[in-house]
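The structure under discussion appears below in the form of structure tokens.
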Amino acid sequence: MNKQAIDALLQKINDSAINEGNPRTKQIVNRIVRDLFYTIEDLDVQPDEFWTALNYLGDAGRSGELGLLAAGLGFEHFLDLRMDEAEAKAGVEGGTPRTIEGPLYVAGAPVSDGHARLDDGTDPGQTLVMRGRVFGEDGKPLANALVEVWHANHLGNYSYFDKSQPAFNLRRSIRTDAEGKYSFRSVVPVGYSVPPQGQTQLLLDQLGRHGHRPAHIHFFVSAPGFRKLTTQINIDGDPYLWDDFAFATRDGLVPAVRQAEVRKANRTAWTVSSR
């Protein structure tokens with residue numbers, strides 16, 4: 001079919017609407033369908049390829065991996081770059097860079113003031129201590145900002161999704177003090193991979209790509225009257241630090257990490273400072 005015939009078919013489909021519907025939804029869906037029709041024609045996509053793709057998306061949805069696919073195909077990073085561009089055009093600059101949320105946030109984590117311990121004490125990973133501070137765009141510290149933190153355990157698994165972990169393990173919300181400061185104790189997370197037999201890895205194999213993520217810690221930072229920040233920090237030295245399958249590593253999000261002796265416990269702790 002030529003594009004004129006395709007456009008005529010699309011118009012027939014659009015004309016079948018029995019009421020106005022939602023204009024924005026119609027605009028988006030019609031554009032996506034048009035581009036897919038063009039793709040099928042241009043690449044001579046066969047019926048078995050089309051139905052294989054459709055069934056694949058159904059399987060990915062049932063297994064809860066659509067969020068991983070969105071990250072792995074670069075959609076989340078693309079959305080971040082678009083927001084960066086919009087802010088730059090509006091004259092907004094500076095501050096901690098944003099990066100992807102990922103699909104593993106869980107609302108309702110316990111709230112602490114100033115400091116929190118994220119782990120339940122059973123994880124054998126190395127101790128991690130992080131201290132940070134939240135500032136407004138004017139450079140003044142923000143008191144009572146909410147810092148939500150979550151990360152994987154020493155096996156690369158997240159509580160709630162990993163039923164062997166207690167509820168909200170390695171997940172906390174911390175309110176900053178009068179000087180905008182917060183801190184937490186946890187364990188050093190490790191990098192992990194998408195499920196090796198899952199739908200995401202199945203597609204990545206077809207694309208000749210890996211599904212590894214470097215060790216990282218997720219953050220939401222919010223305060224009344226300010227834009228909510230969604231970001232992560234990465235643990236320096238991870239072999240996939242700059243080869244993240246989700247494209248989340250960004251300059252400014254790899255803080256210095258150093259080892260420090262914890263004398264009372266006779267242990268070594270990793271400390272992170274984030275201004």
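Cβ coordinates come from backbone N, Cα and C, glycine included.
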**From Y56, Y158, Y160, the one annotated by Swiss-Prot with Y192, H216, H218 for Fe cation** = Y158
**Request:** May I ask which residues of the same chain, at least 6 positions away in sequence, place their Cβ under 8 angstroms from the Cβ of Y158 (Fe cation binding site)?
**Result:** L104, W150, H151, A152, Q165, L170
**Request:** Check Y158 (Fe cation binding site) against DSSP and tell me helix, strand or coil, would you?
**Result:** coil
